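In what follows, a structure is listed as structure tokens, so that the remarks can point back to it.
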Amino acid sequence: MRLLQLWAFGFCHLLFMNTSDSEEDSYNERSALVQCESPTIPSYNQDHDMSLPQETDTKRRRPVSSGLDEPGPVERERASTPDGEEEELTLKYGAKHVIMLFIPVTLCMVVVVATIKSVSFYTEKTSQRLIYTPFEEDPNSVGQRLLNSLLNTMVMISVIVVMTIILVVLYKYRCYKFIHGWLILSSLMLLFWFSFMYLGEVFKTYNVAMDYPTLVMIIWNFGVVGMICIHWKGPLRLQQAYLIVISALMALIFIKYLPEWSAWVILGAISIYDLIAVLCPKGPLRMLVETAQERNEPIFPALIYSSAMVWMVGMADSSNPDSGELHFTSCHMLKCLLVGFLTGGVKLGLGDFIFYSVLVGKAATTGGDWNTTLACFVAILIGLCLTLLLLAIFKKALPALPISITFGLVFYFSTDNLVRPFMDSLAAHQYYI
Amino acid sequence: MTLAVFFGCAFIAFGPAFALFVFTVAKDPLRVIILIAGAFFWLLSLLLSSLVWFIAIKASNSQDLTLQRGLLIFGVFFSVLLQEVFRFAYYRLLRKATEGLAAISDDDGSAISVRQMAYVAGLGFGIMSGAFSMINILSDSLGPGTVGIFGDSQYYFIITALMTLALTLLHTFWGVLFFEGCEKSRWWVIAAVVSLHLLVAGLSLLNPLYEGSLPPVYGITLLMGVWAFFSSGGSLHSLNALCTRRKAEGESS
């Protein structure tokens, strides 16, 4: 009988400080919020063109390839330098930025896996489902189950597409207040309600007696500090920590409430959608970005993890309260995978975090086999690395989900079905390979 | 089956690898990426060899236990060969990357030398191999149970941890030697690495006769360590210099 509302997210590209450019001087936290991907864009990663992190102490300029980036702020970073030096620095900075993404992604996954393995609440299957996955999976009939999961996926994806389009429309018609309000409401929901649920389950697992006044204090402080960090100012590490925690919470909700097979099919479908939405000329994300660029204004704060500055806003999607059913708003997450400038740092949309963690978390729920979880983890990191490499090579917008999720799915199914029996037999006889 | 066993075995198996990671790899992002890519390549080799084994298992009679055991042994050796093939493939990939980088950079050197890459790649293989051998067993050791209650050896966990440690170190050394052999086109080195890997896998087939498997494996580990040290440019002189410098620093302070 709980009402949950997940909010779709909007994303903005954050331009980071650290530019010796005069343009930058005018940037404060507000103006640095550049284009935001419209939250309606489904939670697929949109990797906006990654600008190569060639920035170093010397200013470098390079043409901005990313459509999502504000031409202004982005371009200021580019300086022309000899190619070889650029490439070398690119590699060094590329490696640094890859690691700057590896660490938070790893942390988020660790939080999710640790929770899944210890708190049984998130692995208990309930009859409650999200309205976005209305078809029940019948464990008895394989064909029926497959069909239902496909139908669930179609429902989920279409909801996400619709939300994306609504957001683009809202943005086009300049309903900024509405969007802002939505985002604030959604982050409120996430920071207070979900963390309250999570804390409750942790206390139940460890049989900790907790009184309500203390709990209210804890949740209140946690939530308020989170809101401040996310929507206003706060220490960088704290912002990053909040983002990681919030992604983990969202991923846990997905892991709990998506039916088994539907979750896998949804992961696959979302990667494909992400690919289409970012690479096709008529994609809603692209339209949003282009609109923002035309207007040369920041859209709205978005859910982005940044190694430099972070803003997070969740976008609320109202769903009808329906007792006994959990509702989600679809997570329309725009992901921006943007390699930062100079000390700008790297940005990665929260949707990426969430779906990576969903994959690894689901790998962790099956059977207690740690090899599968580890294999998925390595696969996702390598996918992320490859994505960043491709971005550096092609210098245009690429989605961040497909490669990682494909690797993750391939490794999950193959490790679970092929490697597990092999390793179990080897361990039983103590043979070593 | 207590926490002591869990922590003890975890530290035995992963302590040195973790220390190597923290002190030599963690600070440099490029090395971390090469490590994880090495782990990925090892994983790929395991995947393919599991696939082959799985097909063989499914195609055969599951009731015939000797056949199943034979197929498992075949799986072990095939997996070893495939690991070495993937090590070679990783070498080629890293070479291409270095060449590409060196070609476009102004100064002669690239960000990381082949020897460093060899070490990190070997460590990546070792860590992943160790993790896959050990993690499930570690998590089982936290649960209830009595080791060897049906007459199996009591030393299951500790032997597993020791073998894992040996294999992790061996993979590191083999990485160094293998890449060095490929660089200098000394094919006998490569053949030696492959055959020693097969030998170690074969020795592990002697388990649970631990006397037959563990000491020889550690002997080989020591040998490989010394060989890798000398192959990557170390010498008695440099060891001496290290000790005397330490002594000199100790005296001067």
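Glycine is no exception: its Cβ is also placed from the backbone N, Cα and C atoms.
Annotated features, as they stand in TrEMBL:
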SIGNAL    A:1-22  signal peptide
REGION    A:39-86  region 'Disordered'
TRANSMEM  A:98-116  transmembrane segment
TRANSMEM  A:150-171  transmembrane segment
TRANSMEM  A:178-200  transmembrane segment
TRANSMEM  A:212-232  transmembrane segment
TRANSMEM  A:239-255  transmembrane segment
TRANSMEM  A:261-279  transmembrane segment
TRANSMEM  A:299-317  transmembrane segment
TRANSMEM  A:337-360  transmembrane segment
TRANSMEM  A:372-394  transmembrane segment
TRANSMEM  A:400-419  transmembrane segment
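Counting Cβ pairs under 8 Å to the transmembrane segment (A:178-200), the stretch among A:150-171, A:212-232, A:239-255, A:400-419 with the most such contacts is A:212-232. Of the Cβ pairs linking the transmembrane segment (A:400-419) with the transmembrane segment (A:98-116) and spaced 6 or more residues apart, fewer than 3 are under 8 Å, so the two regions do not touch. Here the transmembrane segment (A:98-116) has Cβ contacts under 8 Å with residues 122-123, 198, 202, 240, 243-245, 247-248, 251-252, 255, 305, 307, 345-346, 348, 352-353, 356-358, 360-361, 364-365, 373, 377, 380-381, 384-385, 388 of the same chain, all six or more residues outside its ends. The transmembrane segment (A:150-171) makes no contact with the transmembrane segment (A:372-394), as judged by fewer than three Cβ pairs under 8 Å among residues 6 or more apart in sequence. Packing against the transmembrane segment (A:372-394) from elsewhere in the chain are residues 47, 49-50, 52, 90, 94, 97-98, 101-102, 105-106, 109, 113, 337, 339, 356, 359-360, 363-364, 366, 400, 403-408, 410-412, 415-416, 419-420: each is 6 or more residues past its ends and has a CB under 8 Å from a CB in it.
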